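Right, one structure below, let's go through it.
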Amino acid sequence: QGKVLFLTICAAGIGGTFQYGYNISIINAPTTYIQTFINETWLERTGTSLESSVILLVWSFVVSVFSLGGLTGALIAGPMAIKLGRKTSLLLNNVFVIIAAVLSGFSQMAKSFEMIMLGRFFTGINAGVSMNIQPMYLGESAPKKVRGAVTLTSASFTALGLVLGQVVGIRDLLGGEESWPLLLASNVVPGLIQLVTLPWLPESPRYLLIDRGDKESCICALQKLRGNGDLSSELEEMLAEQAAIKDQRAKSPWELFQNPAVRWQLISIIVLSSAMQLCGNDSMYFYASYVFQEAGIPYDKIQYVIIGTGCCELITAVTCNVIIERAGRRLLILGGYSLMAVWAIVFMVALSQQSRISWIPYLSMACIFAYILSFGIGPAGVTGVLPTEIFDQMSRPAAYMICGSLLWSNLFAVGMAFPFIVEGLGHFCYLPFFTVCVCSALYVAFFLPETKGKTFLEISKEFNKRNFKAQTCEKFWKGPEEIKSTML
């Protein structure tokens with residue numbers, strides 16, 4: 001019964017969020033070689049070498065243009081999901097990664113570092129589209145009782161991509177001076193695997209019924225995903241949602257901002273999507289070597305320590321998959337951000353003492369591992385589940401566009417600002433991230449309802465209690481009644 005659903009998860013994930021994690025990590029290994037290539041290319045063109053500050057600036061753009069591509073992908077993901085469908089959008093999205101692989105793979109041969117920049121931009125578009133559409137596709141394809149766990153596999157594939165990217169980027173494999181173009185082009189392999197496997201699997205049943213109005217195709221997709229069991233209750237729930245949003249069209253992001261019926265849903269995804277990057281976790285993967293040098297770890301050990309960080313996130317992502325339907329969404333996010341705030345304080349204290357006590361650098365390293373573990377156990381995966389659960393079918397693509405735009409904009413901002421934060425705040429470099437973690441935990445504790453085990457309509461009713469709180473109060477008090485007589 002669950003075989004087709006499992007294959008759908010794997011086929012969507014390998015060419016989906018896997019690419020996000022993989023492409024974040026593979027750029028770390030060849031840093032020195034690409035910087036040398038940029039300088040040599042410029043010297044050959046102009047006869048003059050670039051200053052080290054200019055090389056660093058160009059390299060920062062090579063790294064950060066991935067985020068700009070991701071932002072572009074997030075903006076086009078919504079229209080793609082609406083017009084083409086969830087599955088078809090994921091398949092066409094591989095065109096971007098194929099273009100990126102060709103550009104990056106032949107950049108050294110063509111003696112053009114601009115091709116690397118352009119390749120990273122197209123890679124970012126691919127990641128931006130998949131980060132939005134994959135959780136939407138899986139959340140709409142999964143049964144209610146395992147919806148959270150299935151959607152959360154997006155985070156597991158991101159973590160798997162991080163680890164494999166770090167392993168493949170070891171100097172003895174593809175991270176060497178001669179092989180770095182192959183490393184940057186290796187992201188085409190997961191894309192090709194998805195192109196071969198995903199066409200055989202069904203489209204989102206909810207998309208087929210609610211967006212297209214094709215009941216027969218919806219039933220056919222459900223039968224493939226669920227087997228030949230009783231589908232009446234699930235189909236009835238979909239028909240109820242279809243009736244609730246009858247004659248509505250897919251909404252734009254601007255329409256969500258104007259709609260009071262989704263006010264608190266929108267506030268929730270804005271706060272939590274922003275916190276995903278402003279908590280500082282992903283910036284570690286862009287500047288992992290830099291962070292561990294600050295922590296006092298020997299240079300020759302750093303590449304193996306970095307692989308350990310990726311393994312931590314993978315372990316916690318898989319663990320979160322197992323416990324999400326038992327623990328619930330709120331507890332995992334609240335616990336994750338609370339623990340991150342604690343480890344941020346310990347890390348700052350350890351950094352301030354590392355020159356005085358010999359074993360303190362290893363405490364600093366342990367704090368980074370603990371920080372990543374705490375991020376992986378809740379915020380990393382559960383945040384991506386929420387837009388699927390708290391928005392209806394017509395609002396969901398626009399909600400993911402907003403989430404994706406915030407995620408990639410903040411990733412770019414933190415990626416650019418993090419070295420300056422370290423330089424300016426020194427031992428207290430995690431103070432801004434600590435503040436974000438505390439504020440996020442407080443928001444979840446006071447404002448985010450639990451969505452575990454509830455239908456989409458039940459979750460909407462839960463939010464409507466807060467969205468229409470003023471109107472609810474008016475039912476019980478309509479102002480002072482008119483005094484018609486003063487006689488006793």
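Glycine is treated like the rest: Cβ placed from N, Cα and C.
Automated prediction, rather than curation, is the source of TrEMBL annotations.
Taken from TrEMBL, the feature domain 'Major facilitator superfamily (MFS) profile' applies to 9-452.
The transmembrane segment feature in TrEMBL is assigned to 54-78 (among others).
The transmembrane segment annotation in TrEMBL covers 90-110 (among others). Same-chain residues lying 6 or more positions outside the transmembrane segment (90-110) and placing a CB less than 8 Å from one of its CB atoms are 12, 15-16, 19, 37, 73, 80, 84, 116, 118-123, 125-126, 129-130, 133-134, 137, 180-182, 184-188, 190-192, 194-195, 198-199.
The annotation transmembrane segment is assigned in TrEMBL to 302-324 (among others).
According to TrEMBL, the transmembrane segment annotation covers 331-353 (among others).
The transmembrane segment annotation in TrEMBL covers 359-386 (among others).
Per TrEMBL, the feature transmembrane segment maps to 398-422 (among others).
Annotation comment: TrEMBL describes 428-448 (among others) as transmembrane segment.
Tertiary proximity for the transmembrane segment (331-353) is limited to same-chain residues at least six positions away from its ends with a CB under 8 Å from its CB atoms, namely 272, 275, 279, 281, 294-295, 320, 323-324, 360-361, 363-364, 367-368, 370-371, 374-380, 382-383, 426-431, 433-434, 437-438, 440-441, 444-445, 448. For the domain 'Major facilitator superfamily (MFS) profile' (9-452), the model's pLDDT averages out at 85.
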